[in-house]
Amino acid sequence: MGTRSVALVLLAAVLLQTLLPASSAEGLVRIGLKKRPIDQNSRVVERLSAEEKQRLLRGADSLGSGSEGDIIALKNYMNAQYFGEIGVGTPAQKFTVIFDTGSSNLWVPSSKCYFSIACYLHSRYKSGQSSTYRKNGKPADIHYGTGAIAGYFSEDSVTLGDLVVKDQEFIEATKEPGLTFMVAKFDGILGLGFQEISVGNAVPVWYNMIKQGLISDPVFSFWFNRHAGEGEGGELVFGGVDPSHYKGNHTYVPVTQKGYWQFNMGDVLVDGKSTGFCKGGCAAIADSGTSLLAGPTAIITEISEKIGATGVVSQECKTVVSQYGQQILDLLLAETQPAKICSQVGLCTFDGTHGVSAGIRSVVDNEAGKSNGGLRSDPMCNACEMAVVWMQNQLAQNKTQDLILNYINQLCDRLPSPMGESSVDCASLKSMPDIAFTIGGKKFSLKPEQYILKVGEGPAAQCISGFTAMDIPPPRGPLWILGDVFMGAYHTVFDYGKLRVGFAESA
């Protein structure tokens with residue numbers, strides 16, 4: 001599971017209730033699931049999870065059609081996270097897990113977890129009660145923001161719906177420190193990413209499903225029901241897709257880097273107008289383990305300004321505009337290479353491809369096998385680079401210099417809370433713009449009701465932006481993470497056989 005995803009899933013950790021009994025129909029397994037509203041604790045956890053995602057993505061070099069298939073029903077918590085049930089061992093011991101395309105290991109708590117209170121509050125795997133258990137014993141550590149889950153590998157059968165994966169390597173967690181796991185209601189995580197990001201190089205469950213001939217088509221697909229109060233939470237289909245859950249045809253893009261399900265994405269548009277940041281292309285990943293939609297601060301700030309989201313005022317941003325704004329504008333008008341402008345004004349250094357904080361070593365190439373874990377962000381350098389992007393966009397719209405500088409100052413006021421949530425006025429949803437992402441040459445639009453999360457009902461209701469800021473430097477970034485906010489609007493197919501990801505409008 002790499003060093004990434006334990007903290008990411010904690011947004012919904014405090015939300016999960018008991019699953020309904022499993023039922024089957026038409027030869028496909030469907031597991032009924034309850035729903036429960038998102039609460040304030042889960043919003044705090046989301047901020048911690050987002051911070052951990054940014055830390056890991058910055059520093060990790062080794063991140064790590066129509067056919068009948070097996071269906072796992074998913075649980076929807078107010079459009080926040082999705083869970084399902086699996087079994088481990090023979091007879092099957094039941095566990096509630098998050099199906100996470102952003103990680104690759106399976107882990108569940110162990111009955112040999114003696115000194116962590118969290119383990120006693122969750123289902124625990126008992127190897128002595130399984131006739132198919134095989135000892136492994138190789139140690140494993142899964143790191144997250146406030147500590148680490150530690151344990152060891154074991155092997156046993158894993159049941160998903162009607163499918164039984166034999167001799168599956170998984171982690172028995174024997175240490176779960178911290179308060180977060182005490183209040184978490186999920187038991188574990190089942191990763192659906194590539195083996196390249198698997199801790200201990202363990203073969204993922206998905207790989208073994210294919211190897212053991214349990215599915216005929218090496219494809220799985222997600223449908224998330226974004227109507228949180230209506231019926232089932234969603235479906236994860238192994239071996240194909242359910243045609244009733246999407247409209248039209250899927251648009252497919254190739255996987256560009258195995259680990260995450262990563263692909264190339266084009267321009268991002270706000271109300272039909274280009275933000276300019278990704279015109280030359282950005283990397284993106286489809287991540288079922290992330291609730292929100294994360295992207296570069298420069299674009300998220302523009303979106304926040306358009307939807308009236310309130311975040312944290314950045315004094316560094318305003319300082320850059322007041323002291324260097326005119327100089328940056330003059331350099332742009334003189335057709336200076338945008339990537340060099342911030343180094344010319346002395347706020348960044350230039351490494352040949354992009355600006356980096358003065359005195360901080362640039363990100364090295366992944367192929368060199370070196371880590372950029374020590375990379376830090378300099379606020380003035382970051383603010384300058386955002387100002388360059390914003391000014392480029394305004395110049396392309398033939399705005400006057402005074403209007404441009406005033407607009408950039410306004411954007412400074414809309415900078416989102418770092419890796420946190422931004423609030424919006426629930427009464428303003430009808431006036432908010434559509435946000436579109438260009439994938440495979442096609443525009444995939446999100447309407448306000450699709451990218452705004454509503455917490456509570458009536459006068460006490462609050463509305464939260466589904467966008468969060470996260471800056472990942474080259475060579476891995478700029479990077480977008482299309483989490484459940486996007487996957488809820490677009491049925492998503494993960495085609496392992498053809499190494500591609502497909503999107504179609506959800507039905």
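In case you wondered, yes, glycine gets a Cβ from its N, Cα and C as well.
Candidates considered were Cys119, Cys278; TrEMBL assigns the disulfide partner of Cys113 as Cys119. For the pair Asp100 (active site) and Asp287 (active site), the C-alpha distance works out to 7 angstrom. Here the domain 'Saposin B-type' (377-418) is broken down by DSSP into helix, strand and coil counts: 31 helix, 0 strand, 11 coil. Separating the Cα atoms of Asp287 (active site) and Cys278 (disulfide bond) is a whole-number distance of 19 Å.
Proximity of Cys113 (disulfide bond) to non-local residues of its own chain (separation of 6 or more, Cβ distance below 8 Å) is seen for Cys119, Arg124, Gly151, Glu172, Ala173, Thr174, Lys175, Glu176, given in sequence order. Within 10 Å of the Cβ of Cys119 (disulfide bond) there are 22 other Cβ atoms, across all protein chains. In the predicted structure, the domain 'Saposin B-type' (312-352) carries a mean pLDDT of 83. For the domain 'Saposin B-type' (312-352), residue counts in helix, strand and coil come to 26 helix, 3 strand, 12 coil, using DSSP.
If you take the C-beta of Cys278 (disulfide bond) and look for same-chain residues 6 or more apart in sequence within under 8 angstroms, you find Met265, Gly266, Asp267, Val268, Ile299, Thr438, Pro478, Trp480.
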